[in-house]
Amino acid sequence: MATGGGRAFAWQVFPPMPTCRVYGTVAFQDGHLLVLGGCGRAGLPLDTAETLDMASHTWVALAPLPTARAGAAAVVLGKQVLVVGGVDEGQSPVAAVEAFLADEGRWERRATLPQAAMGVATVERDGMVYALGGMGPDTAPQAQVRVYEPRRDCWLSLPSMPTPCYGASTFLHGNKIYVLGGRQGKLPVTAFEAFDLEARTWTRHPSLPSRRAFAGCAMAEGSVFSLGGLQQPGPHNFYSRPHFVNTVEMFDLEHGSWTKLPRSLRMRDKRADFVVGSLGDHVVAIGGLGNQPCPLGSVEGFGLARRRWEALPAMPTARCSCSSLQAGPRLFAIGGVAQGPSQAVEALCLRDGV
């Protein structure tokens with residue numbers, strides 16, 4: 001493990017993936033890290049599927065995806081991994097839904113999405129898969145909400161989101177799915193909405209205070225954080241084009257309001273397109289793009305108790321556009337872009353947890 005500042009944290013470096021990729025789909029199942037599809041050096045979606053055995057630290061090639069795709073969503077359902085949507089080799093959104101059967105090492109096709117979509121957000125609850133939003137073949141953002149019933153192998157429609165979007169951040173908290181941000185074409189969305197799984201109704205919460213693309217979002221201790229990103233030009237700032245910011249905005253779920261933290265509590269680095277998550281009592285920001293000519297390797301954490309940012313151990317491999325996944329005490333940064341698509345697989349860990 002690499003060590004440095006932030007004594008509670010360290011990096012665990014795993015063997016590189018056999019295939020370099022960006023926009024890969026990742027899942028963690030029974031001690032195995034699965035990396036599916038994505039884009040390789042040629043810039044085209046892959047059908048390659050690989051898994052890392054966390055015990056032996058060895059990679060194994062899996063049966064290829066029936067549909068080559070990048071930017072798909074994945075949900076673990078027991079011994080299966082369901083892959084939903086994405087973009088295909090023709091740069092068109094995908095309707096295909098496929099399941100990898102881990103015990104049998106093979107893929108099965110499942111009921112397709114009612115409408116092809118990329119940038120779908122997925123959430124699993126009680127064995128059901130909820131797919132929210134996306135962008136269709138006509139490039140219009142979608143408001144559809146669908147739920148997949150594995151036993152019947154079918155998708156059912158639920159009340160649509162108030163705000164169509166794709167690429168949104170989603171969080172499951174209690175009996176509600178929270179949907180934050182996303183995009184409509186090139187424009188970032190500021191909407192923050194919640195779907196009640198029992199009442200099957202939507203609630204609009206106050207919108208994000210600022211409009212930013214490629215921000216990082218996380219939930220920790222009853223609050224939702226929106227960090228950094230590319231600030232969009234607007235009537236209330238003097239920038240004529242998007243610029244990197246270190247903004248920190250926090251929504252208190254109990255009180256139902258946003259707080260834009262003061263300058264003294266902003267992130268140490270301005271960044272966008274980075275990995276974000278919650279480890280222990282810290283909200284963590286990893287890598288990304290900033291004002292430098294190459295991806296950032298810096299890492300920082302916001303201590304929820306001390307309410308301040310501190311430097312954490314830097315990434316062993318500086319990258320942006322990583323696929324990320326949180327599994328127990330590890331926050332993975334997988335693939336992404338260094339000087340091109342990367343093979344790196346690294347995890348920021350809580351020292352006491354590994």
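The backbone N, Cα and C atoms fix where each Cβ goes, glycine too.
As given in Swiss-Prot:
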REPEAT    1-31  repeat 'Kelch 1'
REPEAT    32-79  repeat 'Kelch 2'
REPEAT    81-127  repeat 'Kelch 3'
REPEAT    128-175  repeat 'Kelch 4'
REPEAT    176-222  repeat 'Kelch 5'
REPEAT    224-281  repeat 'Kelch 6'
REPEAT    282-329  repeat 'Kelch 7'
REPEAT    331-354  repeat 'Kelch 8'
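Only sequence-distant pairs (6 or more apart) were considered; of these, fewer than three Cβ pairs between the repeat 'Kelch 1' (1-31) and the repeat 'Kelch 5' (176-222) are under 8 A, so the stretches are not in contact. The repeat 'Kelch 2' (32-79) makes contact with the repeat 'Kelch 8' (331-354), as judged by at least three Cβ pairs under 8 Å among residues 6 or more apart in sequence.
Long-range contacts of the repeat 'Kelch 8' (331-354) within its own chain (CB-CB distance under 8 A, at least 6 residues past either end) are made by residues 1, 7-22, 24, 26, 33, 35, 38-41, 52, 275, 277, 279-280, 284, 286-287, 294-295, 299, 312-313, 315-325. Mapped onto DSSP classes, the repeat 'Kelch 1' (1-31) shows 0 helix, 14 strand, 17 coil. Across the repeat 'Kelch 4' (128-175), DSSP assigns 0 helix, 23 strand, 25 coil.
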